[in-house]
Every structure is written in C-alpha cells, then in structure tokens.
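Report on the structure given below.
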Amino acid sequence: MEAANMRPSHFLAATTAPSPPPSPPPPSAPRSLHFLRHDSNTNSPKLKPPSTFSVRASAGANNNPVVTLLDYGAGNVRSVRNAIRSLGFDIKDVQSPKDILNAERLIFPGVGAFAAAMDVLTQKGMAEALCTYIQNDRPFLGICLGLQLLFDSSEENGPVNGLGLIPGVVGRFDSSNGLRVPHIGWNALQLTKNSEILNTIRNNHVYFVHSYRAMPSDDNKDWVSSTCNYGDNFIASVRRGNVHAVQFHPEKSGGTMLLFLCWSFCIEKVLIPKVFLNKGHLTNRKLRVKVLEVGNASKLAKRVIACLDVRTNDEGDLVVTKGDQYDVRENTKENEVRNLGKPVDLAGKYYRDGADEISFLNITGFRDFPLGDLPMLQVLRYTSERVFVPLTVGGGIRDFTDGSGRYYSSLEVASEYFRSGADKVSIGSDAVYAAEEYIRSGVKTGKSSLEQISRVYGNQAVVVSIDPRRVFLKNPYDVDFRTVRVSNPGPNGEEFAWYQCTVNGGREDRQIGAYELAIAVEELGAGEIMLNCIDCDGQGKGFEIDLIRLISDAVNIPVIASSGAGKVEHFSEVFKKTNASAALAAGIFHREELGIGSVKKHLSNEGIEVRLTPYKPPPSRFSRPWN
C-alpha cells in the first residue's frame, strides 16, 4: 500500500516496512553461533571461476532474471532495490532460511550495527543458511556490513562473533592520529588479484561510509581482491569463486552497480542502457567489459555536494528555493517564494553532472506533523529511483505528538526517511537542544534524537547541521565561548569574533558557540557536521574560512563547508585553507552560475583530488510522475 493513501496519524502503524533492529544486548551476552570455517587447504569447497559458471535461472513474473535480497530491516536499502530493478531484475525478498538456500543469486546489503545484524540473522535462523549458501559457492554479493559479517568477529559493541567464513577481526578506524572517523566519501581501490568485477572500475573512485573495517593478513590473503588506504590499507573487497563482497557501496557509486551485478552474477539477460554499449564499456550482451579509462583515483577525494532547500510555495507546489541570509522570498510586490525548479528534476540533473552527494533540506514542512508531509517522502522515493549517489535529508527530525495525541519518536521519523531512500539524516535545532543539556549536565541520556538514531543506524547516518552567525568582539575574553582572530576586522575594527548558534532556521539565537556545539554533538554520536554561516548565506563572497578552520580542526569527524560559494576559486580556497572534507553549494548551481563539472575541473587543475565521472549516467528507466 502506498503511504500517500494513508491518513497521516496511521502512517507508521500501517507501513509494511520492517522495524529497526533491536538494540544490541550487553557485550558480555552471547551474540550468535560461530560457524566453522572451511580452511582453504583442507576441507574447502571446490570453487568454480566465474568464467565457467553460468546462471540459467527461472524467470520472474516479468520474464526477467530474479535476484534474492536479504534485507533484515535496518537503514536504506531502497537504493539497492532501485538499482536492481533499473537493470531489469525482479526481486524476491528473503522471508525464511529456505529462501536463502533456494536463491539463484543473493545480495546482502548490510546496513547498521554488526551485533544487531548478527542477532537478527541468528534469531531468524538465517545465519546458518547464509553460511551454507556461501560455502556451496553460490552467486553472492555482500555490501558493506554484508562483507564485515563474513569475518570471525567485530569489535563494534563487542567482541561479537560473525559468520566465521573469513579469518579476521573487524575493528574501528584509529582516530588517535587525527584520522576522521567515519570514513565517508569517494576513495580509490588497490587491486590485489585479478578480478574482472574490479577491472571495470579501477582508476575511478567508489563510495565508502563506515567506521569499522577488516584488515588484510596472511590468513585471509586468499580472499582479498582489493584494498583501500585510509590511515592503513584495509580490505575493500573479497572474492572467492562466485562469492563477492565489497566494503564500499556500488549502488551509491554512480553506474558501478550495473557492472557489479553483471559480473558477479554472470547475467546475460539484463537491460543494458545504450550509453554503455555506445561508449564501449560493454561491448556486447555477453558482457565482455572494458576498463573505464577516465579517472585517476589515488586517495580519498574531496566531495562537491549539491544542496536543495525544498518548501511549498504559495500555490501549494513543492519547489526548490534559495535564501538570502535565510530569506527565501523575492523582493517584489508579491513577495513570492523564490522558485528555482522541481526537486526531483534538479537532483537528477546534478547527479548526471557529477555531484558526489545530494542534500535535501525541507525548510518549512514538519512544523507540527513531520510524517504528515508525504510529498517530501515521495521526493525521496522518486529521487532514489533516479539518483545513485548518497542522499541526505533534513527538517523536523525530532520527537512529536500529533493532534490525536499519538506520540512519535525521532527514531520513527528517521526510520521512515531511511525507508523512503535517505542514506543520512540531518538534524539541526534538536541537536542544539541536546548539546545544551549535555554540556549543562555532563550526562548522555540516550534519549535525544541524535543519540537514538546514531545508536540504531550508526553515527555515519547522522549529520548535524550547525547554523551560526558571527558576533564581533574587541576583547576575546568578553565571552565564555571559543573565539577566533578574524581575517577581516568587524565594522568597528573588531579583531575577534565568536560564532553564536541559532535554531528554527536562524530565527532564534542560543547561548552556545559553534565550537562548543561541534565538540558536544561529536560526543553524542554525530558522524558528520554540515557547517553553515548565516552571514555568508547567499552572498557569493566565499565560505567563512575562519569558522570552518576552527571547527574542522576541533573535531575528528568530517566537516562539510556550506554557505557563501560564488565562484570556483572559493572551493579550492576552502580545501586548501581548512580541513573540510566536502564543500556544499546551492544557489550558484540552481541559477546555473556555476556547473558542478566546472568546479571539479578547477579543483583537479589545482591539484585537489576529486571524483571524475567516466560517463554520464543514463536516464532512469523509471518514469512515474512525482509532483
């Protein structure tokens, strides 16, 4: 049943999507069975190379090949579903262990926490079936946590036993040397063995988002097909026979999902967009794949993010708008809402132009009833059918009670966002209130939206949006907040400033500085910070470098620079002068004053590594109207 046909007050109760995974038990509790590994030099199954393995599966209802999907109910797997369907596959969901054992080809897109996933697999009897399926060399593709669970154990809320198919322990990245954790963004692969599935994308960046990783060793070297360098070389993919698993997200790495599915499942009957055939990437229906030559990936790339502020205009249409210091109305007699296009259309355009991520911010909805704003949920659903890079959404993610007295937790709100296609949620005002209480009491209650969502979905799924304004000072000791010596003195010659945080779209000042807020939200579970500046918003004079340097030096999580970009040089400036991991812009892209391609070309010419797209992604095969 479509959510749009439901009454808002019954929206969550009526949804058929699975509930979030249960909170993990105490670390001392037994987690799961620890299955016996088949040693490579003793009892291992005979594994056939993919070149001699041919799947002749029974067709689905539409006479298409069928992929079985193991979705245990955490995080966003809608993009995986959409990527599979866009290639002409039908999907069969795993309902029981028998569905795993009977699968012709199986995808496990694990999302969330290791312990919670193992608990679900074990409680439903699926862990043993999954081990049997893999040990029998059946076509398998694991994604992210779907790779990690194959190992012996994980340190995440652990130690926690995994499936025990690959030797090794999954541990957290070491941030003690300044490494930013989570590892978020587009990074390069180093191939360790011949693997056709990876040859198709070498020299090009792929998308990672994780805080834990497995390390290569002599014990697992026969499995490792590629590594990635982030602090150390960690395992980016494994392959043995028909079993493939990757730490990165092919469904979020542009067009690589097509090549992965074709190679890992040896499928001939698949809908191959003509753009691949015409460009010579896929030379015929038997999938002899050429290497994508474009790209010079060597390390983690700096990200360029397109942001879309979405609201309902005076006619009731959902539009993309852009503020001038947060004012989104035109300076005309009618004072109408600034309309710069339709959100799904613009998101698709920016994806094809090479945006590394798309960020939606609903700036007027969700005031009284977040889940009543069904059009925004539809925007996410339709965008995720067309756009295969990460999607972030923000606006109204908090606890609330509807008009009938029904209470909804922020976790329920975020869960609906994830089910609708979001990869990350952005929290603003509610994070400020949580940080103020944490600073006051020194106690993490676990009840804030930030803490709840981070605990269930992982901190990599939570972005905190900080909206400060500059307050000039003559004496840096006039306030109890961290100050900076500003590059450009204030109107009365002030040489110092602090950055006062605001809530409710910049309409209300709070007695907390951006520095203090950033430190607090990292401790509460934020995985990334989107750093705005009201003074720079819509001005086109450049990012607030003093603020971005202050915050990006203070935290160990990635920082997204936002507000103020007006020309390509502003992007190179922020990456050269600060430790920002990404730069975000809105109005200059909407008004076509700058293109994402021109920004990336400039950055590349300046010696700043960025992701280059080897082809323009083909239009989606989905064509449903969304507005």
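Including glycine, each Cβ sits where the backbone N, Cα and C put it.
Whatever TrEMBL says is automated annotation, not expert-curated.
TrEMBL annotations:
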- Cys144: active site, for GATase activity (ACT_SITE)
- His249: active site, for GATase activity (ACT_SITE)
- Glu251: active site, for GATase activity (ACT_SITE)
- Asp309: active site (ACT_SITE)
- Asp467: active site (ACT_SITE)
- Gly396, Asn532: substrate binding site (BINDING)
- 41-53: compositional bias 'Polar residues' (COMPBIAS)
- 69-257: domain 'Glutamine amidotransferase' (DOMAIN)
- 1-53: region 'Disordered' (REGION)
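Model confidence over the domain 'Glutamine amidotransferase' (69-257) is summarised by a mean pLDDT of 90. For the pair Gly396 (substrate binding site) and Glu251 (active site, for GATase activity), the Cα-Cα distance reads 27 Å.
Distance from the CA of Glu251 (active site, for GATase activity) to the CA of Asp309 (active site) is 25 Å. Each of the active-site residues Glu251, Asp309 was scored by other CB atoms within 10 A of its CB, and the lowest score goes to Asp309. Here the recorded positions are His249, Asn532; the one with the fewest Cβ atoms within 10 Å of its Cβ is His249. Counting every protein chain shown, 23 other Cβ atoms lie within 10 Å of the Cβ of Gly396 (substrate binding site).
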